Amino acid sequence: KPQHPSLSAVPSSPIPVPQPLLPSPPPTVAARQLDELLADLGHMQSKLAAAGQGAGVPAEPGPPAEPSLDNMLGSLTRDLQELGITAAPAGVCAACRKTIAGKVLTALGKTWHPEHFTCTHCGQELGNRPFFERGGQAYCEEDYHQAFSPRCAYCAGPIREVSPSGLPRHPPPPPAASPCLFLQKVLTALDQTWHPEHFFCAHCGKVFGDDGFHERNGKPYCRQDFLAMFAPKCQGCERPVTDNYLSALQGVWHPECFVCAECLSSFASGSFFELEGRPYCELHFHQRQGSICHGCGRPVISRCITVAGRKYHPEHFICTYCLGQLQKGTFREHGNKMYCQACHDKLFL
């Protein structure tokens, strides 16, 4: 009986495939002011560092300098207070555990420095692209699918599930830059998952239609190839036997193919004769065996008389002229016909 695969847009794996999440940095006036100040401060520090290296002046001995970032943040806070701006920290970065004074990114219920919100596997920044969450960890799309999406049994590649086209993305990535962003369905068959275009006949390569598929040794086959390769063949026509059949002569037959090999008539009585693996009716079996009465043309199945290589029923071994019954040893032959002694002498002497 043919089987039918299950086609759906939801993976059959017990591992759910969530939709990509998007980080949400809040665009506030204070944050923009902090960004501008931090940028100016970083630019100034770069100039000072370059000037010090160009002068080549040896450093005076003394205690090691405090971390420049902390000093910058402290100076920035004082400068803002002098300007009348209270710069409350935006939060603590979940990665480095330091105060966030500039741009802040909110994701997974936490706050991050944008450069610290990265893929758990490959380390690339996720601030401007969709990401997936698994066990509280963030993953880029490629690494998530490689690690957790169901695999195609044919190509071993991940079967990607992405959000429907109606769900907004931020920003919408161009197809060339993100080849994985297209909707794929997962097909479940033979206790495995497949890309729909990769579930095809293992022999001819055609994708299965409404007829479904047949399985053999864990491989799917279309009906035509399955029957041609694995179904028992009729001993008469050598075509596959799919429904009604007869078992005879160590093989199977279509009922309409089980006929006399000579006259092609069916065996109405239910009995047949076998010769060299083929079925025959009684008449043609005896013809093949040379056991047909030369007198009546019917099979000789009991007592017989054999004369000149020909067989006769005893009652049919008669004189051609007078029709009297002949006895072996008391007849004459002329022109392949049998005569009694008297008729032979009368006709031919």
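Backbone N, Cα and C define each Cβ position, glycine as well.
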Among ranges 49-70, 159-180, 203-224, 269-290, whichever one TrEMBL labels region 'Disordered': 49-70
Secondary structure content, the domain 'LIM zinc-binding' (91-150) (per DSSP, counts of residues): 11 helix, 19 strand, 30 coil
